[in-house]
């Protein structure tokens, strides 16, 4: 909690004192970064402290997954999103409907691809998949949210507009990206557990479709409903329902998987007076 509250204090100081009062816009990148990274960094802090000494992955593995995996996943996803955006499609408020509808399938595929890459040499367990997938989603969320916050830093009062975007996406989007990627990672690692290598299975396909639909509901439910009904109020309600379903459904499934795959138990303590298991017997003391 202190980590999150400290980050909020830094973000507010940068926004109110440095940007608004002192008008020092050299701090804009730092303010945007803190706003985008605060919730993901807090979740990452919790994830690292959830690791146990018996886990076969480390905090370094998660840092690599978040930084390298998240960055490359966004790079590949941005490429495919742009290509999909070139398709003829209806637009609502200048937002491409087809691109929004397919964003979940494109971005979750790219994140899954990088989960496989960064997890190639790691032990294939469902628990490891939850951690690695969640870390890739965190890295992806930070970079994507930075873009959305910076895109709002325009107009007569850019600080207010960007702060509103940071409050919305910075607080909610990381949870969704972490949930979706963690579940997909768990499915990928679970399918690889038997033979120790990644493979395609019905579980992987079903999980991919599920998280992609949840992602699509998060991104494009309002635009799609407005396109079908022409009613903006119904579109807003659909957006709220889509957000709620994405978070609740993902959280419940994640909780079920996490409870089903707890940390490996610690080795049994030897009985007092007995040598530890596997140790050589002590030589008899000569008379």
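Using N, Cα and C of the backbone, Cβ positions are placed for all residues, glycine too.
Annotated features, as they stand in TrEMBL:
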type	residues	note
REGION	264-287	region 'Disordered'
TRANSMEM	5-22	transmembrane segment
TRANSMEM	28-48	transmembrane segment
TRANSMEM	60-80	transmembrane segment
TRANSMEM	100-123	transmembrane segment
TRANSMEM	130-150	transmembrane segment
TRANSMEM	170-193	transmembrane segment
TRANSMEM	200-218	transmembrane segment
TRANSMEM	224-254	transmembrane segment
Contact between the transmembrane segment (224-254) and the transmembrane segment (170-193) (3 or more Cβ pairs under 8 Å, separation 6+): yes
Stretch with greatest number of CB pairs under 8 Å, the transmembrane segment (5-22) reference, 28-48, 100-123, 130-150, 170-193, 200-218 candidates: 28-48
Contact call for the transmembrane segment (170-193) against the transmembrane segment (60-80), three or more Cβ pairs under 8 Å: no
Contact between the transmembrane segment (100-123) and the transmembrane segment (28-48) (3 or more Cβ pairs under 8 Å, separation 6+): no
For the transmembrane segment (130-150): best-contacting stretch of 28-48, 60-80, 200-218, by Cβ pairs under 8 Å: 60-80
